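**Student:** One structure follows; several queries about it will come next.
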Amino acid sequence: MLATDSDPIVAIATAAGRGGIGVVRVSFGRGGEAAALPLIDALCGQQLAPRHASYVPFVDEHGAPLDRGIALYFPAPHSYTGEHVLELQGHGGPIVMQLLLQRCLDAGRGFGLRLAQPGEFTRRAFLNDKLDLAQAEAVADLIEASTEAAARSAGRSLDGAFSRQIHALVEDVITLRMLVEATLDFPEEEIDFLEAADARGKLARIREQLAHVLGDARQGALLREGLSVVLAGQPNVGKSSLLNALAGAELAIVTPIAGTTRDKVAQTIQVEGIPLHIIDTAGLRETEDEVERIGIARTWSEIERADVVLHLLDSRTGMTADDEVIAARFPGGVPVVRVLNKTDLTGVPACVEHPAAAGDLTEVHLSAKRGDGIDMLRAELLRIAGWQAGAEGVYLARERHLIALRAAQEHLAQAADHAEQRAQSLDLFAEELRLAQEQLNAITGEFTSDDLLGVIFSRFCIGK
């Protein structure tokens, strides 16, 4: 039988492994109360008061105890999924959880109970209007948050902070669309709906608010995704020492022997709640050593994928001809920071410079060995990322949200151009507003393809 969104489903809702408590969750789908009550009786030997915790034995088909724990019954629609839901909270051993799961499947075979797919409980919450799509994604983001700031921002998204901003924008766009449609539908009227309602002013305010939301979303995406920072340069310029200094731990082997690092060493650190994924790589040079050549090829692959490249130089020699060759190969569009290391050997104080000869490049003078200038480098990385220190009310956002917001921004810009041409482009004005609304609705799931839903929820853990 093909799985459908109305099947009764069950899964272990807690993480694998041993713990004090484990949870098995059942959502009854189309089975409703007719399926829920017999299953509760079979598992618990009694009926449960809705939304009350009951301490009961969990029994097998012969009435023998499997475990004792808390059972909670949530009749629809007042549950996580909006369907009738049963949660069994037992002792968190993997064997106990598997026994309870199998017992549920055996007892529910008659009404088609099956194992839940990844993210299926949250998908049903979305389909039953318990959460919009941005809130549903925030559930996974909260679970996967790697920093306190990311967790707090995901919590704000789950609470609807991001969605409320989007809904407000959509309402304003709809109001403006109504004015344009009225002008199109009643051209013979003497009233100029657009002029009377200050349509251009309304559009300008919508664009301003969208720019603000996009700015906050960029901050939220940075909290979620972090920044990939690749350390690149010739051998023995101090890349591994810099990784250790940034991480505050001895992660990479440091020796005076050129070519010590032959494969990447990665570490994620937090700076003001932003995950910085620091990647130390093999030194870039011509070599006959096959293993080292493989490591160098991987270095260039990492550079291609980087958000920022730290090009390390020896401050005693500065930018050499070999360094120029390396810099010429850096991909366009990837920010590069020149890091002049080993200032402890030159006596140059740690500092950040923007030399005219370097164009848009920033130079950071530091000593990875002594730690001088490391905080300056961290601050420069945050500046490049566009992080606004102390930003309040940031909600977590994903790349798809940024794409939709940018597309809406472009449609509104086109609408503004058409608004200036009035009669010649009024139909196009209305169409651009419709397309902008469509992009905004895609964020909250009011206009979203089934394929996209499948991709989003397949990345959830089973049981959530």
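Including glycine, each Cβ sits where the backbone N, Cα and C put it.
What you see is a predicted model, and the numbers here were worked out from it, not measured in a lab.
Per Swiss-Prot, the features are:
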BINDING   R25, E87, K130, K464  (6S)-5-formyl-5,6,7,8-tetrahydrofolate binding site
DOMAIN    226-386  domain 'TrmE-type G'
BINDING   236-241, 255-261, 280-283  GTP binding site
BINDING   N236, T255, I257, T260  K(+) binding site
BINDING   S240, T261  Mg(2+) binding site
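Give me the lay of the land around each of these features.
**Tutor:** According to DSSP, E87 ((6S)-5-formyl-5,6,7,8-tetrahydrofolate binding site) sits within a strand segment.
Counting every protein chain shown, the number of other Cβ atoms lying within 10 Å of the Cβ of K239 (GTP binding site) is 31.
All protein chains considered, the CB of N236 (GTP binding site) has 21 other CB atoms within 10 Å. Secondary structure at N236 (GTP binding site), taken from DSSP and collapsed to helix, strand or coil, is coil.
A simple way to gauge crowding: the CB of S240 (Mg(2+) binding site) has 23 other CB atoms within 10 angstroms, across all the protein chains here.
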**Student:** Between K130 ((6S)-5-formyl-5,6,7,8-tetrahydrofolate binding site) and N236 (GTP binding site), how far is it from one CA atom to the other, in Å?
**Tutor:** 57
**Student:** Round to a whole number and give the Cα-to-Cα distance in Å for the pair S240 (Mg(2+) binding site) and E87 ((6S)-5-formyl-5,6,7,8-tetrahydrofolate binding site).
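**Tutor:** A Cα-Cα distance of 50 Å.
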**Student:** When neighbour density is defined as the number of other C-beta atoms within 10 angstroms of a residue's C-beta, which of the binding-site residues R25, K130, A282 has the lowest density?
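**Tutor:** Counting other Cβ atoms within 10 Å of each of the binding-site residues R25, K130, A282, the minimum falls on K130.
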**Student:** Taking the Cβ of E87 ((6S)-5-formyl-5,6,7,8-tetrahydrofolate binding site) as the centre, how many other Cβ atoms fall within a 10 Å radius?
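**Tutor:** Looking across every protein chain shown, the total is 19.
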**Student:** Rounded to the nearest angstrom, how far is the Cα of R25 ((6S)-5-formyl-5,6,7,8-tetrahydrofolate binding site) from the Cα of N236 (GTP binding site)?
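**Tutor:** If we compare the Cα positions of N236 (GTP binding site) and R25 ((6S)-5-formyl-5,6,7,8-tetrahydrofolate binding site), the gap is 55 Å.
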**Student:** With DSSP assignments reduced to helix, strand and coil, which class does R25 ((6S)-5-formyl-5,6,7,8-tetrahydrofolate binding site) get?
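**Tutor:** Looking at the DSSP assignment, R25 ((6S)-5-formyl-5,6,7,8-tetrahydrofolate binding site) belongs to a strand.
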